[in-house]
Amino acid sequence: MSRSGKDPGKRVKTARKRSASSTRWLERQLNDPYVKQAKADGYRSRAAYKLIELDGKFGILKGASRVVDLGIAPGGWAQVVRKVRPKAGIVGIDLLETEPIEGVTILQMDFMADEAPAGLEAALDGPPDLVMSDMAANTVGHKQTDHLRTMGLVEAAAWFAIETLEEGGTFLAKVLAGGTDNDLLKLLKSHFKTVKHAKPPASRKGSSEWYVVAQGFKGR
């Protein structure tokens, strides 16, 4: 018997009856070069390479000194920032519990809570010059519903950035294509000097995700 009181043999039997979708996911993970590289490089997720690639294209981390990572778990993006900008202050926030990362302050809370902006600014000892978000809502399998749920998060993250960034700062976020993208771009263009988007090579080919990079915050 295991510590949970369940017969391990039954778990093996269940594993053999994996759904086709979970089997495909497992096979994809096992054959994914980014997953293998993440393990070799010590990153917690393959998403780390998306930030590395986006930084190479847009210089997102150049000069960053106070960074907020919204939805930090499991921590791959924060690890990249820590490696590229070792002297930067980094604060991550997530509803999920996140394993500690050396040099990173992690707050387990809702970034949309009223007290979140002040708490993050206090932890950074000043306003952030980079707010980044790799968040996506839990999917339900309905493309438009998944799009709207994630875009709701992205828009909330954008407003968080607008309310907290120092002048000249940068906002980076994951977006799911699906119809309301233009509303987000319109919002960002009214608050940032340049707004660009890209799909980094590390994004899976079949994914509808892309990333928006808004630079040169105009101030409040």
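Cβ atoms are placed via backbone N, Cα and C, with glycine included.
Annotated active site, proton acceptor per Swiss-Prot: K174, in sequence order, evidence recorded as sequence analysis. The secondary structure of K174 (active site, proton acceptor), as reduced to three states from DSSP, is extended strand.
Sequence-distant neighbours of D110 (S-adenosyl-L-methionine binding site) (same chain, six or more apart, CB under 8 Å from its CB) are L95, A116, listed in sequence order. The S-adenosyl-L-methionine binding site annotation in Swiss-Prot covers G75, W77, D94, D110, D134 and is backed by sequence analysis.
Taken from Swiss-Prot, the feature compositional bias 'Basic and acidic residues' covers 1-10.
If you look up Swiss-Prot, you'll see 1-24 marked as region 'Disordered'.
Every protein chain shown contributes to the tally, and the Cβ of W77 (S-adenosyl-L-methionine binding site) ends up with 27 other Cβ atoms within 10 Å. You'll find the Cα of D134 (S-adenosyl-L-methionine binding site) roughly 5 Å from the Cα of K174 (active site, proton acceptor). Every protein chain shown contributes to the tally, and the Cβ of D94 (S-adenosyl-L-methionine binding site) ends up with 20 other Cβ atoms within 10 Å.
Taking the Cα atom of each, K174 (active site, proton acceptor) and G75 (S-adenosyl-L-methionine binding site) are about 15 angstrom apart.
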